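Beneath this line is the structure, given in structure tokens, with notes to follow.
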Amino acid sequence: MDPKFQRVALSDGHFIPVLGFGTYAPEEVPKSKAMEATKIAIDAGFRHIDSAYFYKNEKEVGLAIRSKIADGTVKREDIFYTSKLWCTFHRPELVRPSLEDSLKNLQLDYVDLYIIHFPTALKPGVEIIPTDEHGKAIFDTVDICATWEAMEKCKDAGLAKSIGVSNFNRRQLEMILNKPGLKYKPVCNQVECHPYLNQGKLLEFCKSKGIVLVAYSALGSHREPEWVDQSAPVLLEDPLIGALAKKHQQTPALIALRYQLQRGIVVLAKSFTEKRIKENIQVFEFQLPSEDMKVIDSLNRNFRYVTADFAIGHPNYPFSDEY
């Protein structure tokens, strides 16, 4: 089997490709770029495509996937597509309609994975982040377990093959895992994860529960001022990662991606540049010896790029706990 298509088993029997293509881009990037980049990614060998309602690009990403099916490059079953339930749709009666909305935009019959994007419910409505007159996000009170039951129904209805979560801490995962009458446990927890925030404890916990950790911002994150502190260190400019890149004759990005794969993490690589998209899939062509893995481990400083400040103060804000 082509190493590019390496997959790992999820707890429900489905398989997820270990390397995924991330499609998020800042607001000012034209949505058409997501379509072009997704086509390039599929041509390069990516089979796992990650998007979300929040990214507002599912029409374009769906178009890219369908055009690659139409031209014979892939079949629908070759593609593993992830979408995410946004915070304004946590009320149980809104979960399925939100997924159906994504499917309509995608023009697909099902998603391979549907995940709760963030554990904090926001006031339902058309605004992505509803705010009061002081510019503060308006929270909603929804039991996360009730949202999860609605997710389970989406799986039973065949609209999502697998269901999972994102940005959950240990306590929030345990709330679902210990829920009376739990039908399906989350197959994954998609979180920010890179050498500066290596999530060692959360990874260990997830592995112990058969939950796959999926890494976003694996290359250190975009620099969008609304979401990321502009003084944040640039991961790919780290001298230790640079030295390892030189040693292995790879790019710093490939070192950061390879590090995650060797820890048993499913990793998302985000780039809209053709050259880099094609480079990133070369992550299967080399290995890091354990001493290099230890060097990268030593870079951990629990530094988070995506702090989701809009949700600070919400009872379910996930990043106040240690992990």
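Even glycines carry a Cβ here, placed using N, Cα and C.
Copied over from Swiss-Prot, here are the features:
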- Y55: active site, proton donor (ACT_SITE)
- 23-24, D50, 166-167, Q190, 216-221, 270-280: NADP(+) binding site (BINDING)
- Y24, H117: substrate binding site (BINDING)
- F54: site 'Required for substrate specificity' (SITE)
- K84: site 'Lowers pKa of active site Tyr' (SITE)
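Structural mapping of features recorded in Swiss-Prot.
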residue : record                                    : Cβ within 10 Å
T23     : NADP(+) binding site                      : 26
F54     : site 'Required for substrate specificity' : 18
K84     : site 'Lowers pKa of active site Tyr'      : 26
H117    : substrate binding site                    : 21
Y216    : NADP(+) binding site                      : 22
L219    : NADP(+) binding site                      : 25
K270    : NADP(+) binding site                      : 22
T273    : NADP(+) binding site                      : 11
R276    : NADP(+) binding site                      : 17
E279    : NADP(+) binding site                      : 18
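Annotated pair T273 (NADP(+) binding site) and Y24 (substrate binding site), C-alpha to C-alpha distance, rounded: 13 Å. A Cα-Cα distance of 11 Å separates H117 (substrate binding site) from Y55 (active site, proton donor). Using a 10 angstroms CA-CA radius around K84 (site 'Lowers pKa of active site Tyr'), the binding-site residues that qualify from S166, L219, K270, R276 are S166.
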